[in-house]
């Protein structure tokens, strides 16, 4: 499984597909 650098989940949060998430303004 490859981790993506950033996926915008909306609601001010981004993450990858490896279980990590963080607050963000956009990707």
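In case you wondered, yes, glycine gets a Cβ from its N, Cα and C as well.
The disulfide bond annotation in Swiss-Prot covers 3-18 (among others). Around the Cβ of residue 3 (disulfide bond), 10 further Cβ atoms fall within 10 Å across all displayed protein chains.
Residue 6 (disulfide bond) counts 12 other C-beta atoms within 10 Å of its own C-beta, drawing on all protein chains shown. In the three-state DSSP assignment, the secondary structure recorded for residue 6 (disulfide bond) is coil. Annotation source Swiss-Prot lists disulfide bond at 6-27 (among others), citing experimental evidence.
According to Swiss-Prot, the feature disulfide bond maps to 14-24 (among others). A coil conformation is recorded for residue 24 (disulfide bond) in the three-state DSSP classification, outside any helix or strand. For residue 24 (disulfide bond), the same-chain residues lying six or more positions away in sequence with a CB closer than 8 A to its CB are 6, 8, 12, 13, 14.
Summarising the annotation, Swiss-Prot assigns O-linked glycosylation site to 2. Other Cβ atoms within 10 Å of the Cβ of residue 2 (O-linked glycosylation site), summed over all protein chains shown, number 6.
With a 10 A radius on its CB, residue 1 (pyrrolidone carboxylic acid) counts 4 other CB atoms from all the protein chains. Residues or ranges marked as pyrrolidone carboxylic acid by Swiss-Prot on the basis of experimental evidence: 1.
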